[in-house]
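The NAD(+) binding site feature in Swiss-Prot is assigned to ASP38, GLU39, LYS40, TYR41, ASP42, SER87, LEU88, GLU119, ARG142, GLU181, LYS298, LYS322; the stated evidence is sequence analysis. What Swiss-Prot lists as active site, N6-AMP-lysine intermediate is LYS121. Taken from Swiss-Prot, the feature Zn(2+) binding site applies to CYS415, CYS418, CYS433, CYS439, supported by sequence analysis.
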Amino acid sequence: MFKKNINIKIKTKILNLRKKIEMWNNNYYVKNLSLVSDEKYDSTLFELNELEKKYSMFLNTSYSNKIVAKNICNKFKKIKHLSNMLSLESIFNYKNLLNFHEKVKKNLFYNEKRYYCCELKIDGLAINLIYKNGILDSASTRGDGLQGEDVTKNALEIKSIPHILKKNNLSFPKKIEIRGEVFIKLSTFNKINKMLKSKRKKLFSNARNMASGSLRQINPKITKNRSLSFYGYGIGYVNEKKYYYDQHDALKLINSWGIPIEKNTELCKSLNEVKNFYEKSIKIRDYLDFNIDGIVVKVNSMKLQKKLGCSSKYPRWAIAYKFSSEEKCTKILGVNFNVGRTGVITPVAKLKPVYFMGTIIKYSSLHNKDIIDKLGIMINDTVCLKKSGDVIPKISRVIFEKRKNVKEIIFPKTCIFCKSKIEFCLRKKNLYCTGGFLCYAQRKQLLNHFVSREALNIKGMGNKIISQLIEKKIIKYPSDIFKLNTDKIIFLKGMGLKSSENLIKEIIKSKTTELYRVIYGIGIPNVGIYTSMNLANYYKNISNFINTSYEDLRSIKGIGSFTSNCIKKFLKDKRNISIISDLLNVNLKIK
């Protein structure tokens with residue numbers, strides 16, 4: 001009886017999961033609506049797959065949770081694929097990758113090498129191109145894997161899809177399927193959304209939805225105006241065996257025919273190299289002009305691919321290794337502006353508190369105006385927070401469907417702490433307060449930096465002591481530190497006679513120091529400890545340094561034009577020269 005009840009619960013769970021997947025698929029692929037995050041979809045699909053494996057008695061052979069939608073959108077005629085166009089099974093951790101690797105290993109021929117072709121998994125829409133004698137004959141979406149929607153007219157409007165293949169030393173096959181991904185560059189996505197916003201039209205929620213909706217238009221002119229992009233990622237059917245290339249070589253072949261391919265692809269000769277490629281992909285994803293949600297790991301050998309074959313849902317020779325991340329949605333209540341040590345003004349979103357991965361998140365950095373414009377963030381927007389690994393959660397996207405009563409984020413024209421002039425750094429895309437030590441927000445951080453271990457190394461003078469001294473208006477500039485005595489610090493919270501005497505000893509000790517420590521300690525923007533050492537080795541004394549020229553700085557190995565400009569700008573400011581002079585006037589001895 002107990003076992004029967006358990007089975008009923010399991011069956012109900014499986015049926016409910018199937019209904020969810022079907023509903024999400026239908027909305028996404030037919031109506032162009034994304035109801036859930038990628039992570040939620042993937043985790044639900046993974047849960048269903050695991051339950052079906054474990055409880056095979058409930059596996060319905062007429063149901064495939066990977067069929068895109070029961071009804072492919074009927075506004076396009078259908079094209080049957082020459083070879084099945086299956087989706088990839090998704091994995092989310094190294095253990096899953098190891099399991100995939102072990103399954104591949106079991107099917108190896110004697111002494112056969114286990115090479116993997118690793119590619120970035122572009123978050124777009126799969127497309128199947130059929131070329132006959134080098135001329136584009138048709139283009140179709142993945143559809144249900146057996147047949148897809150005819151989008152040939154629209155594909156002809158995508159500049160990166162060649163209408164005629166380029167000739168090389170190898171003649172074209174009579175018939176070949178070239179498969180790839182249609183996507184929209186993030187720069188284009190933001191440009192189009194900005195234009196839609198100006199016309200008070202509905203915005204696209206993400207780049208993939210825009211790409212999908214743009215490819216599946218009745219009017220090809222709309223597709224043309226959306227400036228879609230395409231990368232090829234492999235060959236499906238080909239009518240001649242001489243074109244049976246291993247995956248990595250197949251990419252080179254189609255590229256030689258004029259098919260664009262993603263340039264970060266690597267041939268990995270070990271599982272460790274695959275792991276390294278995955279980790280590298282995480283690091284570069286924020287610098288790409290298109291979205292990726294993982295990597296694709298393919299067995300490189302065509303012979304081994306054929307031996308491994310496919311299940312009813314997936315090829316057994318490839319896997320999608322997704323980036324592990326979690327997502328939570330919340331609301332932006334307002335934006336504060338923080339000023340850093342070097343004057344960088346950072347917008348910080350004040351969020352409706354949300355419990356996320358063990359902590360309550362109330363704030364999230366927006367970094368700079370470029371990021372705000374790129375994501376289209378406004379006050380009162382509902383946004384998604386994403387966290388990968390141990391990285392601090394960041395805002396990954398805006399849910400435009402929930403947008404109402406929003407306000408534009410207005411950047412200050414003068415510093416909110418000291419009213420100093422604000423300047424824009426084109427290279428770093430940041431706004432800067434020019435106040436320096438005059439700015440209360442910068443002063444505390446600059447003085448903390450000045451006494452730090454790499455700079456003057458004044459032991460015992462931490463953040464709490466400096467904060468109290470600033471609040472009581474005892475110190476304002478670095479030279480004021482060397483005017484302190486026990487009478488001025490003994491009454492500070494946490495200080496007594498002994499600790500005050502010890503601190504004064506450390507201050508006196510630090511008055512004899514090295515040139516690189518002073519250069520580093522005065523806090524020149526974009527001048528770190530190693531650059532400071534480089535400068536000290538070259539100039540030998542403080543006088544030579546403060547009287548340097550731009551040309552002189554550029555002649556120093558390792559110091560580029562940007563850093564040289566930062567140094568010259570700092571030394572041109574009379575306030576900064578005054579700070580250095582004041583240090584010399586309190587008998588700072590620089591070796």
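Placement of Cβ uses the backbone N, Cα and C atoms for every residue, glycine included.
Other than the site residues CYS415, CYS418, CYS433, CYS439, same-chain residues with C-beta atoms no more than 8 angstroms from the centre of those residues' C-beta atoms, the Zn(2+) site, are VAL339, GLY343, THR414, ILE416, PHE417, LYS419, SER420, THR434, GLY435, LEU438, TYR440, ALA441, GLN442. The recorded positions recorded for this entry are ASP42, LEU88, LYS121, ARG142, LYS298, and the Cα of LYS121 lies nearest to that of CYS415 (Zn(2+) binding site). The two recorded residues ASP42 (NAD(+) binding site) and LYS121 (active site, N6-AMP-lysine intermediate) have their Cα atoms spaced 14 Å from each other. Here ARG142 (NAD(+) binding site) is compared against the recorded positions LYS121, CYS418, CYS433, CYS439, and the shortest C-alpha distance is to LYS121. When the Cα atoms are compared, LEU88 (NAD(+) binding site) and CYS418 (Zn(2+) binding site) turn out to be 56 Å apart.
Among the recorded positions listed here, namely LYS121, CYS418, CYS433, CYS439, LYS121 has its C-alpha nearest to that of LYS298 (NAD(+) binding site).
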